[in-house]
Amino acid sequence: MIKADNINFWIKNRRVLENIYLQLNVGELKVVLGPNGAGKSSLFKILSGEATCKLGAVAYNGRNLQQYNAAHLAMVRSVMPQSSQLSFPFFAKEVVEMGLMNINNHNPTYSIQEVMLQTNTWHLKNQLYGNLSGGEKQRVQFSRALVQIWEEKPYPRYLLLDEPTSSMDISQQHQLLHLLLGLKKRNIGILVILHDLNLAALYADSLILLKEGKVIANGVKDEVLTAENLFQTFDYPIEVLRHPVTGKPLIAPQPVHTNFQQTIKSA
Amino acid sequence: MALLLQEKKLSNRKNYVLIGLGVLLFIVVLFSLQSGAYTIPSVDVLKILSSHFGADTGATSIQKNVLLHIRLPRLLMALMVGGGLGIAGAALQGLFRNPLVEPGLIGVSSGAALAAVCLFVFGASFPWLPNLMGAFTLPMAAFVGGLAVTMLVYRLSQAGGKTDISLLILAGVALNALAGALIGLSLFYADDAALRSFTFWSMGDVGGTTWSKVHIALPIIGIACLLLGKQHKGLNGIAIGEAEAYHMGINVQRLKIYVLVLSALIVGTGVSVTGAIGFVGLIVPHLIRLTIGSDHKIVLPASFLMGAILLSLSDLIARMIIMPAEMPIGIITAIIGAPFFIWLIINVKKLRS
């Protein structure tokens, strides 16, 4: 379990996170939602160990994050940041291979091939990363993060993804989240920052709504995804319907002009 | 199956390039030992060398002396300094995530030169220094000077926890200029003897290398190169990003210090024995990346080999071109390096547009 207690974080005297508590269990897919500047990425960096908070603590499997060194932490959690700029030309497969640089994997060749087939990047393996499209680059980076925790281990592990689908087409987005559904069954907990509310509604187990560094709602999906919560978080009228096929929440934002008329009416 | 075949081709190519570089190095070594003002046929070169390991030989004592006491130490120094510049250049480019970085640009060379000058000019005021470190005084001073300036450039280029490359280059230019001015200032206070030893040293050349110099420089550069070559994982990770490298289990801060210290040690020691030799650290990693890709596991050792080849070849040219006189080796590397740098700038421009 990842446990974050009372996280407070300042950037240049501006408080970007206030008293955040969260838990991520294995087998759980947790989605973080919130408007721009809500502090999602700061929270992400603190959870991944990249940034340290002055107040508050993060523990992985009951052990404080500070007690892990980088190599040890890499065995327990894998991270995909928003975007990665390569400084030198590498082949797509070389990028994926790097995910295993500190991992004791018994059959790296097999793991890499399996992951790249699953993420639909195997056909790109001999292409230079710089020549790929935005969505393809994201899939290659996703593969790199995925291969790091691909081989099953007896201890609980975690995958942290910051807007992994931002450049992907709709089919690739759903394939990625579907892959995550399979992955969480392997003693892995997953935390994803998303902007697409419907993706979150379809695949998440639990949600955290963040706004201006504060938690608006935190809990199981059906409790958190309500019209009031979403309005409070995004300052925008959003209806929550039922998906006709899955019965899961379906997010329907209202167009701006309706929003206007309502404001006029109420005024 | 077809795909697997392609992969094999790629890894084969890497092996071919390494083997090719090895063969090339051997040829350059042999050629370099046999040519010069006094020619020694390559058969005799091999005979003398093997006699050193116990075999009998019919070579004359002049041949033996020229080979063992003039050419061999000189060649070893060229190989080591050239290889060191190559591998340090590759590692620094990897660390700074920029292909235009070279040891000269970020102040290693000028810092080392400044420290060396200070030692020549003001060394007499600190007589305990040579007593303490003996023959290691000059390499150590050059190392400390190179490291100090590099650290300062690195510090100045940090913005928001990341290395800002334009700041880096500006800081490098500024500190290089400052170091140059301080070198001039120190020389102003120098007496004739100090001026003389600095002038000879600053010409940047491997001529006059003695075994005693080799005995000092070879182990320092050799060990530092070996340690630097082991940083390939971390440098690969850094190529994706500093944060990503950390996510994949690299202690980024430690890696930065390792690479900076080892590079300063290699280049500082090199500068202390041969003077500042430019462009090798810039060109070599580029040539290597163009032929075998960016994987530092290969780039680092191949850059060492290529740097060794390039510098010993430059030295060969330097002493053949106006025989029996010699041209400073720095001139040769700059004549090869400067046009290459221009070609590089043009290509980077093309890539961006």
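Even glycines carry a Cβ here, placed using N, Cα and C.
For B:16-40 (among others), the entry in TrEMBL reads transmembrane segment. Only residues 6 or more beyond the boundaries of the transmembrane segment (B:16-40), in the same chain, are considered here, and those with a CB under 8 A from a CB of the stretch are 46, 48, 62-63, 66-67, 71-72, 75, 78-79, 288, 291-292, 298, 301-302, 305-306, 308-309, 312-313, 315-316, 319-320, 323-324.
As annotated by TrEMBL, transmembrane segment applies to B:75-92 (among others).
According to TrEMBL, the feature transmembrane segment maps to B:104-126 (among others). Sequence-distant contacts of the transmembrane segment (B:104-126) (same chain, six or more residues past either end, CB-CB distance under 8 Å): 88, 92, 96, 137-138, 141-150, 152-154, 168-169, 172, 175-176, 179-180, 182-183, 186-187, 189-191, 194, 197-198, 201-202, 263-264, 267-268, 271-272, 275-276, 278-279, 281-282.
For B:132-154 (among others), the entry in TrEMBL reads transmembrane segment.
Same-chain residues lying 6 or more positions outside the transmembrane segment (B:166-190) and placing a CB less than 8 Å from one of its CB atoms are 96, 98, 100-101, 104-107, 110-111, 113-114, 117-118, 120-122, 149, 152-154, 156-157, 159, 198. According to TrEMBL, the transmembrane segment annotation covers B:166-190 (among others).
Remote same-chain residues near the transmembrane segment (B:210-229) are listed as 69, 73, 76-77, 80-81, 83-84, 87-88, 91, 135-136, 139, 258-259, 262-263, 265-266, 269-270, 272-273, 300-301, 304 (criterion: CB distance under 8 Å, separation of at least six residues from the stretch ends). Annotated transmembrane segment per TrEMBL: B:210-229 (among others), in sequence order.
Look at TrEMBL and you will find B:257-286 (among others) tagged as transmembrane segment.
What TrEMBL lists as transmembrane segment is B:298-317 (among others). Nonlocal intrachain contacts for the transmembrane segment (B:298-317), taken as residues 6+ away from its ends with a CB within less than 8 angstroms of a stretch CB, comprise 14, 17-18, 21-22, 24-25, 28-29, 31-32, 35, 74-75, 78-87, 89-91, 94, 206, 225, 228-229, 231-232, 235, 277, 280-281, 283-285, 287-289, 292, 327, 329, 332-333, 336.
Long-range Cβ contacts of the transmembrane segment (B:329-346) within its own chain (Cβ-Cβ under 8 Å, at least 6 residues beyond either end) map to 78, 99-100, 203-207, 274-280, 282-283, 286, 310-311, 314-315, 317-318. Look at TrEMBL and you will find B:329-346 (among others) tagged as transmembrane segment.
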